[in-house]
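Have a look at this one.
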Amino acid sequence: MKQLATPFQEYSQKYENIRLERDGGVLLVTVHTEGKSLVWTSTAHDELAYCFHDIACDRENKVVILTGTGPSFCNEIDFTSFNLGTPHDWDEIIFEGQRLLNNLLSIEVPVIAAVNGPVTNHPEIPVMSDIVLAAESATFQDGPHFPSGIVPGDGAHVVWPHVLGSNRGRYFLLTGQELDARTALDYGAVNEVLSEQELLPRAWELARGIAEKPLLARRYARKVLTRQLRRVMEADLSLGLAHEALAAIDLGMESEQ
C-alpha cells in the first residue's frame, strides 16, 4: 500500500515550537519557545493543530508523551501575535481552534502528559491525555478567558466539566481558580504528582510498558476510552468558539469607546 502520510523524518523538523523525538515507538513531544518555556502565540496554536494531525497519521507511533520545557508548561501568552480585527480573522481562529483539540483526540495511541510546571494557557490540552503526570510545581488555571472577560468556549467548556465534574468544572472556569498539583490530583485531573527529577523518567516507564502491548489493543483502547470526550467535543466545540468570538469582539468594542 502506498504510504501517503508525512514521514517522521519530515514532520519532526517541521515545527519551530515543537521538538519531536522517537525511541522504540515512543514519541516525545516537547513544546517550547526558542528552547525555553512555551509562550502561547498564534504560531504555537496553529503548529500544535497540524503536529497532532501528523502524529495521528503516523502508525509508527506507539505511545505519545507530551511535555514542556523549563520551569513552566505554558504560562505566558503573546496577544499581539493574534490578528483578531475582522470576521475573517475570527473565522481562521475558529477553523484552527477546532482542529487543535479534534486532531489531538484523533491520535489513536495512548497519550501521556508530563506537566513540568504551571500551565495557564490551554491547560485543557495536557489534561485531555489518557494519563496525566504532574511535577510538584505544576498548577492549572484557565487564565486568558473568563478572568479577562472572554467566554471559555475553545474547548475549555467541554474538557473541564468532563474532567472535574460539572460543578467543579464550571467553578474552575468562572472564578479563574488555580489548582496546584495536589489539588488537581484530589480532583481527578492528575494521576500522579512527582518531583521534577522523577517526572519524565516515570512518563517513559509508563510509555514503554504500554508500547509493549499489542498494536490493536493500544489503538482501540485509546479509541474507546476517548469516545465520550470526542463525541461531546464534536457536538459543542464549534458553537463554543463562535460564542467566544462574539464575546471577544464585544470586549474589543467596549475598550475602544
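Quick reminder: no glycine exception, Cβ is built from N, Cα and C everywhere.
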Trp40, His145, Glu244 bind substrate according to Swiss-Prot; which of Asp54, Asp130, Asp154 goes with them?
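It is Asp154, as the record lists it for that site.
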From the Cα of Trp40 (substrate binding site) across to the Cα of Glu124 (active site, nucleophile), what is the distance in angstrom?
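Cα-Cα distance, Glu124 (active site, nucleophile) to Trp40 (substrate binding site): 14 Å.
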List the residues in the vicinity of the substrate site, defined as same-chain residues other than Trp40, His145, Asp154, Glu244 with C-beta within 8 angstroms of the site's C-beta centre.
Gly97, His122, Asp142, Pro144, Ile150, Pro152, Gly153, Ala156
Among the recorded positions listed here, Glu124, Asp154, which has the most company in the form of other Cβ atoms within 10 Å of its Cβ?
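Per the Cβ count, the most surrounded site is Asp154.
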What are the non-local neighbours of Glu244 (substrate binding site), defined as same-chain residues 6+ apart in sequence with CB under 8 A from its CB?
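Long-range Cβ contacts: His145, Ile150, Val151, Pro152, Gly153, Asp154.
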Cβ-Cβ under 8 Å from Trp40 (substrate binding site), same chain, 6 or more residues apart: which ones?
Cys74, Glu76, Ile77, Asp78, Asn121, His122
